[in-house]
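Just below is one structure, and these are the notes that go with it.
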Amino acid sequence: MKTKYKIPFIEQHQKTECGLCCVAMLASYYKHEVTVRELRREIETGRDGSSFIQLIELLEGMKFNVKAYKIPNKTENVKFIKSKSIALWKSKHFIVIESINKKNILVVDPEIGRISYTYDEFMDGFSGYLISVRSTEQVEKRRVKIDYSFMKNILYSHKKHFLLLLFFTSLMYLVTFILPIAIKDIINTLQDKREIYNLKELVSIVLILAISYYLILILQNNSAIRLRASIDNHLNVSTISKLFKLPYKFYSNRSKGDIIYSLNGLPRIRELFANKVIMGFLDIGMLLCISGYLIYYDISIFLVSIILFTLNLFVLFISKQKLEQNNIMVSIQQNLVQNKQMETIYSMMGIKMEGFEDDIYKQWEDQFNKYIYRYIKSEKFSNYINSLLQTITFISPFIVLVATIVKFSEGKMTIGMVIAIYSFSGIFFSKTDSVFNTIVSIINSKVFISRINDILAEEDEKIGYVNHDLTGNITLSNVSFSYVKNGQEILKNINMEVEAGKKIAIVGTSGSGKSTISKLLVGLYQPSTGEIMYDGISENDINLQYIRKQIGIVPQDMTLFNKTIKENIVNGLQFTMEDVIEACKLTNIHDEIMNMPMKYNTLVSEMGMNLSGGQRQRIVLARALLKKPKVILLDEATSYLDNINEKKIMDEFKKNKITIIVIAHRLSTIIDSDCIYVFDEGEVREFGKHDQLMNRNGGIYKKMYESIKGEKNVIRN
């Protein structure tokens, strides 16, 4: 059952790392193993992914012979397509071409796995660009050591629980081991003396064995329960706490569904370590003990058992790679189905408003059918292998029995020994089956171990050590920003001065960098060059978490929790109900809350889906008002308020001497700003007060303002 797969499949964990995965797959194929994590250190894919040039530079840096081709995507040009190449797919994705035959092209897609295309299907998706990769004598042979630190950490952290379970399971095996020996002695005595043991003595033996087995079983199961709970706690606490420590870019590069799918694998990892691994070690110990017993009594019976054991091992060995590949493919398809379902649920309002139900359902159905196809294919193969293994396990004790009967007929064994060896062979092959099941479980869990390892191996967000009480001064000096190292700059040489207690506005066309600057201001992104300072303290030195607690943020995409409206507003802080009501009146949401059946105790659904966008925005705004931060950042946060309420809120901020930073599309909200920064193509083109900017003939701000004013006049007319 030799596998035809040669290029190792490496799954992408980030939306934009398909190119890095392709490089890692081809490098590993040529015996220069490299991990995607190592490649991430070479080039940061960021939001936009990697370019053809970057992939070529990576491969050339490893001394590969690399050639780039541009091939028109017509079927007759298939003859120019080369195997062991990286191809641009649908103008947005990279895949590896593994092999080409007379009818099909087999590719390895880091997102969905191996798939075979006809020539026409391939050329429909092929975007015309190809990187051919060939090895050279200069390519260093390299093997990546498997990172067992994750497993070692679990085993070491819970060694007391493991040792306790090991002790009680060993006692259980001892009782199991004693039983066939006791049966042998009883039968041999009966055969030799033609009389049975003293009945009271037999009853006593049975009772002692039964009580011992019962007590040890209870202690063993209790130890296993404690171990499972301990590992569950360790896995969840370490993983979830790690997620809170990771930088924002980790989440911007991965889908929510992908992260949740990784977390869903935690129970499987727990069961692997709490049940399978420990039992696997103990089962191997039992196999060694029984092997010693068989060698002691008859080496030929031992050899028969080992031959049958080796037959099982051979079946598992030749099927291991296919089992692993199948499990990976099923896992990928299952993840894609889950992502589609999450995307559908979160977008249901838009789907219904546009009447896209049938189209989206068809997309989900197609994805689900792919998963079912992979699942059935994988399960059928697993069924063939498991059935073969179980058949060998089932028949093996009978083969051993036949061998012992031959020995008995030759006068080399007693009937008691025959029965004892038969009993031991039953235990031997049941433990063999258990060990092989453990191996299969490890194979099936590797996908999730890899995913969790990938999360735990990420570098924590770098935050400074200075806990500074912010006054409200923020300075940006020559700040530039790009999502990847040496990539296109989204912001270029930005200089801004935000004075405490002042109102600052940021305006500009779509794509000018307004939202990016807001993320830089709160430390979610770090500048590529330049410096951001809070009250004269560098962002690199200051504790950003401490600073963020002093900044109120009302983004366009509001986040609410599955709690009551009141709990969402107070957000764990201590405020009176009067304070909450006052904040809600200012944001014009109080009357709407009071019209709800449960009023302020109304439960907000997940992500606030049972509230309108305007209601969510005003609740978040009330939260910001209540918090009385040193700085408030409003990203088009007052669009659902009328001018009177908007003025009340701004006056409240000014009364409390709060620094206001407004990112605005509605220019009427920022006329009274102390300084307006006008962004265009990632640069600050103009800045000043409203009147100053309006006096600039041909200025960007003046054109924007007059354009909006003109639209209003048209509407009035």
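Cβ atoms are placed via backbone N, Cα and C, with glycine included.
Taken from TrEMBL, the feature domain 'Peptidase C39' applies to 12-133. For 162-182, 202-219, 277-295, 301-319, 384-406, the entry in TrEMBL reads transmembrane segment. Annotation comment: TrEMBL describes 163-444 as domain 'ABC transmembrane type-1'. If you look up TrEMBL, you'll see 474-706 marked as domain 'ABC transporter'.
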Mean pLDDT across the domain 'ABC transporter' (474-706), rounded to an integer, is what? 85
Go through the chain and flag residues at least 6 beyond the ends of the transmembrane segment (301-319) whose CB is under 8 A from any CB in it; none is fine as an answer. 1-2, 287, 291, 294-295, 381, 385, 388-389, 392-393, 396, 399-400, 403-404, 407, 421, 425, 428-429, 432-433, 436, 439-440
Sort the residues of the domain 'Peptidase C39' (12-133) into helix, strand and coil with DSSP and give the three counts. 42 helix, 40 strand, 40 coil
Close approaches to the transmembrane segment (384-406) from elsewhere in its chain (Cβ under 8 angstroms; 6 or more beyond its ends): 298, 300-301, 304-305, 308, 311-312, 315-316, 319, 323, 413, 417-418, 421-422, 425-426, 429-430, 432-433, 436
